[in-house]
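In TrEMBL this protein carries:
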- 296-317: region 'Disordered' (REGION)
- 6-26: transmembrane segment (TRANSMEM)
- 47-69: transmembrane segment (TRANSMEM)
- 75-93: transmembrane segment (TRANSMEM)
- 102-121: transmembrane segment (TRANSMEM)
- 133-151: transmembrane segment (TRANSMEM)
- 163-187: transmembrane segment (TRANSMEM)
- 207-226: transmembrane segment (TRANSMEM)
- 238-256: transmembrane segment (TRANSMEM)
- 268-287: transmembrane segment (TRANSMEM)
Amino acid sequence: MQPVVRWAVGVSAVCLKCLLSAAGFLMQRKAHLLERQGKGKKDSKPLLVGGIVAYLLGSFPDVVSYMLLPEVVCSTFSCLQLVVVAALAHVWLREHVRQREVLGMAVCLAGTALCLGFGPRPRALHSVDEQTVAVYVAAGLGLLAVGMLLDCTKDRCCWRGPWAQKACAFTLPMATGMAYALGRVFNTMLSFVEPPHNLPWGAVHEPLWATMLMAMGLLALTDLYLNMRGARQMPAQVYVPTVFALSTVLQYFQSLVIFREFQHMDTWHAVLSIAGAFASLVGTLCIQPPTEVLSESEDSMARVEESPDLGHGLLGG
């Protein structure tokens with residue numbers, strides 16, 4: 001595929017994913033609001049089902065975009081997705097944004113434009129150091145395993161001291177962010193592996209491709225499981241931004257160090273692109289739910305339970 005075509009298809013895919021995921025979340029949110037107003041399941045169920053379907057459909061262009069575009073571009077568009085959600089919620093759900101949210105949306109839009117305009121292009125992705133990727137994945141899986149072990153055993157262990165308790169509380173967001181970021185490594189690596197010609201049986205002759213696909217699926221299930229635990233254990237206004245920030249920073253690291261997407265770029269273009277990516281992240285973190293919603297911790301947790309991938313489908317990509 002020609003670089004220009006690859007870029008156009010990739011950007012189209014990531015935009016489609018952004019719209020589908022945002023629409024899916026808002027439909028689920030609308031269904032939840034109708035139930036709270038006493039409308040009953042008859043009015044809310046079609047919206048809920050439609051939202052889930054849209055959410056799932058958004059995963060297909062998401063996978064395609066990571067195969068065609070540099071990871072930093074995809075992760076920056078994930079920041080932009082929350083801007084779309086906030087804008088549509090303002091119009092459709094009447095959940096009005098405040099001055100802080102407007103400023104955050106403007107910063108995110110400007111940062112995304114910088115990354116899109118000056119960031120790496122598909123032609124820069126000629127090869128990847130497989131040894132570096134293998135070491136990083138092994139280290140990441142080790143940290144993920146340790147984080148999950150600590151989170152699952154924290155109630156049985158005697159953690160002494162306030163610092164130990166805070167560190168233990170951090171393990172769940174850390175593990176969730178790591179699971180999501182590692183899944184993106186395998187997703188990106190699919191673009192460097194020759195796909196089988198005759199699916200599904202052709203996957204037998206291309207075990208590396210099939211292994212990466214299975215790893216993506218397992219990490220996605222792990223991410224879902226950890227998000228469900230997070231919905232039960234932590235307030236949404238703490239858990240969601242923390243996981244989103246961790247997973248996004250990890251993806252920026254993967255783009256810069258592991259896949260070396262900026263290696264052959266002009267210095268100023270690379271600086272502007274990286275600055276834009278971090279501006280998008282900062283702007284996104286400024287977009288918070290209204291104060292009256294934050295005060296209702298049970299409702300906040302319920303919203304995450306409605307959409308277990310909130311931290312990544314809505315905020316992560």
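Glycine residues also receive a Cβ, built from the backbone N, Cα and C atoms like all the rest.
Just so you know, TrEMBL annotations never went through curation; they're auto-generated.
Quantities reported herein were computed from a predicted structural model and do not represent experimental measurements.
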>> Applying the under-8 angstroms CB criterion, which one of 47-69, 102-121, 133-151 scores highest with the transmembrane segment (75-93)?
In response: 102-121
> Going along the chain, which residues at least six beyond the ends of the transmembrane segment (6-26) come within the CB cut-off of under 8 Å?
Replying inline: 50-59, 61-62, 64-65, 67-69, 73-74, 77-78, 80-81, 84-85, 88-89, 92-93, 116, 121-122, 307, 310, 313-314, 317
>> At a C-beta cut-off of under 8 Å, are there same-chain residues at least 6 beyond the transmembrane segment (238-256) that contact it? List them, or none.
In response: 70-72, 74-75, 78-79, 120, 136, 172-174, 176-178, 180-181, 184-185, 188, 227, 230-231, 262, 274, 277-278, 281, 284-285, 288, 304, 310-312, 314-316
> Taking 47-69, 102-121, 207-226, 268-287 as candidates, which has the most Cβ pairs under 8 Å with the transmembrane segment (133-151)?
Replying inline: 207-226
>> Can you tell me which parts of the same chain pack against the transmembrane segment (207-226), counting only residues 6+ beyond its ends and a CB-CB cutoff under 8 A?
In response: 63, 144, 148, 172, 175-176, 179-180, 182-183, 186-187, 189-190, 193-196, 308-309, 312
